[in-house]
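Engineer: Okay, here's the structure, questions in a sec.
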Amino acid sequence: MNKKLKDVLLKLDQDLIKHVKGSLDLEISGVTYSSKLVLPRYVFFALPGIRFDGHDFIETAIQKGSNVIVCSRDMDFYSPNVTYIKVDDFNIRKFMSNFSNIFYDEPSKKLKVIGVTGTDGKSSVCYYIYLLLKKKGVKVGFISTVFFDDGNGSLIKNPYRQSTPESTEIHLFLSNMVKNNVQYAILESTSHGLDLKTARLIDVNYFAVVFTNIGHEHLEFHGTIQNYLNAKLGLFRSVSDDAGFGVINFDDPYYSDFKNAVKKSFTYSLKSSKADFFVSFIDEKIDSTRFEFYHKGVKYFANVSLLGSFNVENIMAALILVSQILNSDIQDIVDKLICIKSLDGRMDSVNLGQNFSVIIDYAHTPGAFSKLFPIFKRFATNRLISVFGSAGERDVAKRFLQGQIADIYSDLIVLCDEDPRGENSMYIIKDIAKGIVNKVVNQDLFFIPDRRLAIEKAISLARAGDLVVALGKGHENSIIYKNKELFWNEQEAVKNAILSLEESEKDR
């Protein structure tokens with residue numbers, strides 16, 4: 001895609017631009033904030049950051065062919081034949097989003113975009129909506145923590161550690177969806193992505209939105225629960241189309257805030273018949289869940305190959321969204337639930353023939369813990385052994401809560417790294433341990449920062465009938481430390497630990 005710089009700038013808010021040095025009559029072919037991704041005639045945005053400053057990479061970007069630099073401070077040296085656009089620090093991300101949206105011809109306006117937000121369940125709801133729409137024969141694309149599909153029909157793993165990528169990537173991906181004749185685009189819309197500080201999603205035109213729940217997460221970024229809530233409410237307030245609507249979890253304490261933020265909405269509940277869709281019965285088995293729900297006085301019977309009442313919530317959100325967006329008969333969508341399958345890293349069972357069970361899950365918040373641990377305890381025929389950590393440089397207050405919940409349900413706990421980042425691993429582990437009051441260190445509570453060794457320890461402790469749960473990493477392919485990222489595969493780590501245990505038992 002090629003455009004004239006002046007044609008893009010003419011459509012942008014001129015108040016955001018402080019100064020332009022150089023020609024506007026340049027041809028540009030791409031937009032990026034990463035010097036690693038720069039190609040000839042790319043616009044390079046020098047974003048200020050926590051660890052790195054994009055201004056330090058301007059010369060690298062120019063050497064690789066960038067002919068337009070967007071910066072927030074004056075340069076000591078200006079390269080000839082390069083145009084410099086100066087904006088405020090505070091506005092540079094907003095300007096990048098505006099610019100990307102215009103450069104890619106406002107792709108979200110050519111799609112019906114579905115946004116899913118909430119503390120827990122976002123990725124699963126996105127995936128279930130994706131599967132149901134595909135089952136209905138609809139051309140669909142999506143962006144989530146785990147997978148991307150730009151409409152070419154194949155899933156690729158999310159190449160970023162961000163659930164919601166930067167605006168340059170969002171609009172490029174939406175543009176590819178338009179090229180692939182996608183009708184519906186599903187975006188996992190995180191609070192980080194919705195926040196005006198990152199401005200990743202401010203230029204996305206949403207048609208329908210889903211709210212799953214609000215829990216204790218990301219307060220290190222938002223500061224207060226109210227700021228966190230407001231970021232998510234922004235998604236609902238952005239639905240401008242008169243035909244647009246929201247799907248809301250009636251059981252969440254903040255339900256009314258979301259209902260008031262959108263003109264039209266549908267609610268679901270596992271507790272109250274006042275909701276538009278009320279789940280009246282749930283029967284959980286180890287490999288499936290049967291449930292019944294009412295809508296407008298009609299009773300529906302559903303069965304899915306997933307475990308847990310929390311998954312019933314996620315299924316209901318997806319079912320309602322798809323039935324309403326397609327104006328389909330409810331029973332028709334219920335019949336399609338056979339296509340629903342678990343997302344990678346969500347309630348993944350690892351069975352190599354061992355006499356105990358192992359489950360891997362991405363759960364990393366107190367809300368997710370409070371939903372999953374009762375299920376784990378119920379299906380553990382003997383002891384429950386949990387392995388988990390908590391993210392470094394993230395919400396500190398949740399660590400105590402994670403430990404407290406795990407302590408109630410677990411017989412043995414092994415604490416380890418999740419993503420320590422710049423924090424000391426043992427400091428994080430000891431923060432979690434403050435919530436664990438019913439265990440004794442080195443008897444039924446173990447501090448092993450190295451996640452591989454921690455999993456090996458948990459597996460070595462397992463007896464017949466035990467359930468070992470490894471939480472917090474799920475699908476993720478790395479563990480982040482201060483100065484490095486360690487490749488990680490939770491499935492492989494668990495499998496190797498089981499195989500090592502079997503080998504050691506043979507040698508006895």
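Cβ atoms here come from the backbone N, Cα and C positions, even for glycine.
What Swiss-Prot shows for this protein is this:
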- GLY118, THR119, ASP120, GLY121, LYS122, SER123, SER124: ATP binding site (BINDING)
- LYS232: N6-carboxylysine (MOD_RES)
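Relative to the rest of the structure, where do these features sit?
Structural biologist: Counted within 10 Å of its Cβ, the other Cβ atoms near LYS122 (ATP binding site) come to 26, all protein chains included.
Counting every protein chain shown, 26 other Cβ atoms lie within 10 Å of the Cβ of LYS232 (N6-carboxylysine). Under DSSP, LYS232 (N6-carboxylysine) is assigned to a helix (H, G or I) in the three-state scheme.
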Engineer: Within 10 Å of its Cβ, which one of these binding-site residues (THR119, SER123, SER124) has the largest number of other Cβ atoms?
Structural biologist: SER124
Engineer: What does DSSP call GLY118 (ATP binding site) in the simple three-state scheme?
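Structural biologist: In three-state terms, GLY118 (ATP binding site) counts as coil.
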Engineer: To see if you understand the setup: which same-chain residues, six or more apart in sequence, place their Cβ under 8 Å from that of GLY118 (ATP binding site)?
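Structural biologist: Result: VAL125, VAL210, PHE211, THR212, ASN213, ILE214, LYS232, ASN249.
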Engineer: Using DSSP, would you call SER124 (ATP binding site) helix, strand or coil?
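Structural biologist: Note: SER124 (ATP binding site) is helical by DSSP.
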